[in-house]
């Protein structure tokens, strides 16, 4: 069938911020879908609140609305733009839930809008556990024994049928949020209550546990003519009980018999037909009983998913792109395969290689949280690797995680493998409970002589995988004993995925010595193409992976080449913002005629899409892998400053190996990162810093702290995301910090800074061509000093820091850029206190604010930076003047505290946010309100504000309580705070602290008597009370703030919401305002200063 001609305007709903369970894969999917629809001549409208995405850049969709992805705001966009259709399948669970809400409330019918890609019935039947179970029964397939319930009483009745352990799965949530495995009644009641609360329809499925069954996924596509293709099979290495996002996964499935696969395939085809997904793709999860092959259907996602992004990268079959074409009426045989250009999408992909995906976790950021892996997803990112065998791909995927392991290696310290003594008995206990370290504990168990049969009985990991892992140990032991290494034995080990570092360690060599030996033997990787057809048809897209076969399929062209190093797996501190920067650089350099070569290992991202760069190497970002690619490609140079800390760490070793680093020199990067060199430069430029010192021992740190005065900020050098950073108030706490968090030595110094309490902080992004410098933006942090810049909301342009101080920050930034010889991007962080500007740190690289600034000012900073690195000047690029918008942009952070309930959700100097959102409006209050709605922190319009604050905060809190009272809110406070408020004449209700008796503050929150919590940490003695309040707020989805500056901003937002409707404009319209004559000049003159919020 030809494309539908009755549709002209299509609204794509994005997924909003990066959260656990819904990450960069939806930027990738959405970007593909938008490109596919515009190719067909449709006008595309996008709603997405995440500024760090490529899809929200204004040139992708015709109209881009950076607005909250909520029914209310999507309705406003529909009312304004009047699209003919809504495509909800590219924005994860968020988009599906919003689309269904708009359908059910009659909004879509009112505006004559239809759902395409998946209709309302298909979404409802697939997502509603009860309806899905009934649909499976109708086609003769089994789901786990269980019952859908809407109350705790019903749940307790259901669990009598299923028994323990029981699985709890909430309906309509993402990443298993709110679900879990209960082994007893107490756990069961806790998880059910949470699941009912977090499910938008307040229903959960209670099902019989299938722990120990094997878990599989199929990616399936269907068109309007009822053609169905299976794109990819995926097998979870971990058995049922671990969320698929937290499991190591393998494609294609390895341990299914041919008959089992055919049964599963037939089931998948029957399922997609019965559910009614008739123009797009879906992901179907199955469990297989390892003893008799019995098949059970777990669930289906009627949309693109994390697994479909993985399947797309694994096969080269672009599921989202093809799904968008199917949604507008094409059939599979009418859509060409973009990789081969000669075969249609109705040809199922065939793999002649193996893919392994490994999840990346962030438990080090949430130390008190439970590292056990269950049905609720906890990983924050993932790596993918491609090899000729499972063993090769597995080791490469572990290396690509960038957690310090060079392959399947056990840690030097037992505690790093989550063990204390490493005995067989301890290992047996540890292996029964899935954690991120279990895969390494398995190696320890094998080295202690535990056999496959015993390990299978303990872990339920299929014996095939256990035997594959054992063969890696056998190979290590064989290699260790060789008297000499020749090319044959070296190639054998490389084909098993062993890195140079691993091979060196086995024979007492350094990594560089092992590499030199390998090169001397003439053993170097070849590169093969991913072509969707196992080499049956020629591939036109260079999408490559390294291996140690003799034959290479990578052709090298004669054009000038640039290698861009990506950022690897997403993690807290290094997220999709850096992928955005890499993609913008690639696109800018392609426009300038360069051959762009992307190196990355993250299957979720736009940068690893087959058509973004001229050539994609899907390889780990290790020195070994990058050196081999540079050796083969011989580029003009390598760009390291856009991918965060991952490529920056490679700067010095690459330079030492003779590789040209483009842009800012490695020496300048080192001068900014090395505290002693940086201090000397700041002194030379006459720029103030907080008093500080560098310690190489605990005693030295204590001496420095006593000299400069407590409180101090302590942190290791060369970290991203504030890793192991803390504010310390006394010597005892300082010594405790070194015991817990930081190993200190000459090679690993720790920085000790005087902490500037109650200072304002600001970020400045700028561009330099080596001679001239232009400010990109100055952003003021809403949270006060001491909270990591990545976790603080920020506003552009600044609103409380005096104009003279802002001007001084700009001057300092220009001075640093010139002194360091920056070519490309630079980010500088400042503090302002008592009339003095202090520099905190200088980063001569892309910062995580670059995408936000690019959206706010209408200029892509990374695109300009890439051209500067290749020798153009700011004047030649056309960016010669700072742009200060006449509107307000707010960036807000989004946190995963709902996944880590045991962790105290208080903000500090260590970054914990997973993503960000943006709010844009004409004034601060409305922009901040939008940012809170987008971050799922909806502020109340009325009700009770509960204050519990430290003594030093009481005067400011009283002023704020008075403001809330003046607009009709009731005020509640703990005794000390309440007494102070009464002295100021503020009506207030007293409430007990947790240790004072019942009913206390937590009871009030749990009973729904509080609509906003303002809680500033009260010091050690009240820590337990504080923590319980904040955890209750998280559990009850109650908006809360832990700083008074954020509470002031919340007041402004609530007041704005009560006085006017928010402005809904597309990004293109906001940028038109910038281009209006005199707009930027008037802004520069200070006309955009919003009302103060403190």
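Numbers here mean position along the shown chain, with the first residue as 1.
Using N, Cα and C of the backbone, Cβ positions are placed for all residues, glycine too.
ATP 2 binds 754, 756, 761, 786, 787, 788, 789, 829, 841 as Swiss-Prot records it, and from the list 676, 683, 715 the residue named for this site is 715. With respect to Cβ neighbours within 10 Å, the binding-site residues 285, 301 differ, and 285 shows the lowest count.
Listed in sequence order, the residues of the same chain lying 6 or more apart from residue 208 (ATP 1 binding site) and placing their CB within less than 8 Å of its CB are 144, 145, 146, 162, 163, 166, 167.
Of 129, 215, 242, 285, all annotated as binding-site residues, the residue with the shortest Cα distance to residue 301 (Mn(2+) 2 binding site) is 285.
Across the domain 'MGS-like' (937-1077), the DSSP tally of helix, strand and coil residues reads 75 helix, 21 strand, 45 coil. DSSP assigns residue 129 (ATP 1 binding site) to a helix. The Cβ neighbour count for residue 215 (ATP 1 binding site), using a 10 Å radius over every protein chain in view, is 23. Using CA atoms as reference points, the binding-site residues 129, 215, 242 were checked against residue 299 (Mn(2+) 1 binding site), and the closest is 129. Counting every protein chain shown, the Cβ of residue 299 (Mn(2+) 1 binding site) has 19 other Cβ atoms within 10 Å. Mean pLDDT of the predicted structure over the domain 'ATP-grasp 2' (679-870): 89. Of all Cβ atoms in the protein chains displayed, 25 besides its own lie within 10 Å of the Cβ of residue 242 (ATP 1 binding site). The 10 Å shell around the Cβ of residue 129 (ATP 1 binding site) contains 25 further Cβ atoms across the protein chains shown.
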